Amino acid sequence: MNGVEVPAKIQKRIERLREEINDHNYRYYVLSQPTIPDSVYDELFHELQKLEKKYPETITPSSPTQRVGAEPLKVFEPVHHEIPMLSLDNVFDEKGLRAFDKRIRQRLKLDKPFEYVCEPKMDGVALSLLYENGELIRAATRGDGYTGENVTQNTRTIASVPLQLRGNDYPELVEIRGEVLMPREGFAKFNREAEKRGDKTFANPRNAASGSLRQLDPRITAKRPLIFYGYLIGLLKGKDFPKNHCDVLKWFKDWGIPVISEIKVVGGIEGCLDYYEHLVKTREKMPFDIDGIVIKVNSLQVQAELGFVSRAPRWAIAYKFPAQEKMTVVKAIEFQVGRTGAVTPVARLEPVSVSGVTVSNATLHNFDELYRKDVRVGDTVIVRRAGDVIPEVVGPILAKRPKKAKLIKIPSRCPVCHAEVIKPEGEAVARCMGGLYCRAQLRESIKHFASRRALDIEGLGDKLVELFIQEKLIKDITGIYQLKKSAITALPRMGEKSAENLLTAIEKSKKTTLPRFLYALGIRGVGDTTARTLARHFHELDLLMKASIETLQEIRDIGPVVAENIHAFFHQKHNAELINKLIHLGVHWPQEKAVVKSEIAGKTFVLTGALKSLTREEAEEKIERSGGKATSSVSKNTDYVIVGENPGSKYEKAKALGISLIDEEAFLKLLKS
């Protein structure tokens, strides 16, 4: 107590800060849905620390400065941390780092520099792994630092976490603490696949790691690309601590625990500053997000002497990078059309500098995200930029929302080609149905149209497609069949022979099959198997183009979403015009024959290995034409597995399931039947 009466205004501000910080902790740690940048959170926390330092009589046991994090969720079994999982204090500039070094040396009464260990500050989820006699017996999240959540079953699915420690030089009991991360590449792939499925995407790798680790179903966690890195020992029984922290990390490596490679032992604070500058320059080359560096006293004996304050160790500090999140205002929300027809809302922003880059546009990912985040025109929002990732809007600051903030609706027409835009129920992504006609989708449409399973135009690769579009030789998909030799030979590295070969391949592609043509159209959800199913059902293109959604849904393996996609595609006037033009230019196929009764009809086949007389595509096509079904994986529903040369794992699985195995000769006899 300092004997000074606390002004009412100050008391009110302290209470308000505690409320805000506790709320943000809940959103960050429990919901994995932060609504403010880390830099803003740090400012609030430091303001509260300063006020409590000035007025110590205001400090209460429940103040955020006296504890870590938030309450654990009730759905997981609680785990008590025998040694609290404390977070680190932060500094944001060289002055703060030098002050940290000075405090340590004064406390130890040392004038000369001593060793620190510098590590990247990983931007993931803290995790405690408990091993008994080398076996993983428990994994727990940090929670509030004292009580976490038991996530053992989920953690067992992370490939980088050993279920049994390597060697035999491990202690009777050891608690290994570290960080669970989702690498940038895995995060980008996960979000791409989630968007394709119409599922929820994550705003950043940290949220993805947290959400994945805290799934109630371990099977979901198992599908997420998570990694774990160890950085500290908590409990230890049956073995003495080594001399230094870097020796602990060597133990981890020996036991099979991953340790981040960019760790350096330095002599004194100058070495720490050099390490920081190095990581500022190289951070984007790292496979995962980092938001600063961690500096620890290397000597474990010195760590013990320095001890802890209530919230953090005295022997370590986090030196954070400049904020990669800033606040700005949404001036407008516009729509971009991607290569596959995905219509993405994009925020046009008041320009703001984030990590040294001026940001004036930011993605909102999809309409589910737009509405979940509730971003409106006129909102003050948080913008994040991490590495090469496109800047994104994290969320609005609701307290700053103007009364006239405008809610955006999904556009009914494509902003590029004015075709219908549809968003199937249950999917996150709205899509343009312009298909063949939409200029935004032109490149991908042509590449797909010419691909091996479609019209199979040999020599018309990605680079040549790009060149034809760039030179305006192809303006829509029918332009492939209107290319002239003189125009092709005028292009770089395209001689007469190359032009002749390409034109020959284009001419050859005109003779195709109805399933290949349907697949080539690039209708969303219509793969080559579905294309064969449609061709076998309707026999004629005209009948398919006139089919209702109800008729389409009656077909085996075609659900409501794919039925709607097919119907919408063929009912776009421009798509129908381009299909007719392709036929007028000579694209044709033999009449699909009705399936006659055969031994193949109604049976499911899987191919493994190479056939001598047929390609895989030809074999699958013949199966479908005969009324059978060709699939890519073996299951209890498979009737026959066709075994070619050098069969793969499907052969072994079929044997284990007792499924009929036939060779190429037997398959050809079935076809003749």
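Heads up, the Cβ atoms here are built off N, Cα and C, so glycines get one too.
For V40 (NAD(+) binding site), applying a Cβ distance below 8 Å and a minimum sequence separation of six or more within one chain yields E325, M327, I382. Annotated NAD(+) binding site per Swiss-Prot: D38, S39, V40, Y41, D42, S87, L88, E119, R142, E179, K296, K320, in sequence order.
K121 (active site, N6-AMP-lysine intermediate) falls within a strand segment according to DSSP. What Swiss-Prot records for K121 is active site, N6-AMP-lysine intermediate, and it gives sequence analysis as the kind of evidence.
The annotation Zn(2+) binding site is assigned in Swiss-Prot to C414, C417, C432, C438. According to DSSP, C417 (Zn(2+) binding site) is assigned to coil rather than to any helix or strand.
As annotated by Swiss-Prot, domain 'BRCT' applies to 595-673, with the evidence given as sequence analysis.
Between the alpha carbons (Cα) of D42 (NAD(+) binding site) and C432 (Zn(2+) binding site) lies a span of roughly 43 Å.
Across the fold, the C-alpha of L88 (NAD(+) binding site) and the C-alpha of C417 (Zn(2+) binding site) stand 53 Å from each other.
In the domain 'BRCT' (595-673), helix, strand and coil residues by DSSP number 28 helix, 18 strand, 33 coil. Using a 10 angstroms CA-CA radius around C438 (Zn(2+) binding site), none of the recorded positions in D38, K121, R142, K296 qualify. Between the CA atoms of C417 (Zn(2+) binding site) and K296 (NAD(+) binding site) there is a gap of 58 Å, rounded to the nearest whole number.
For the pair C432 (Zn(2+) binding site) and K121 (active site, N6-AMP-lysine intermediate), the Cα-Cα distance reads 42 Å.
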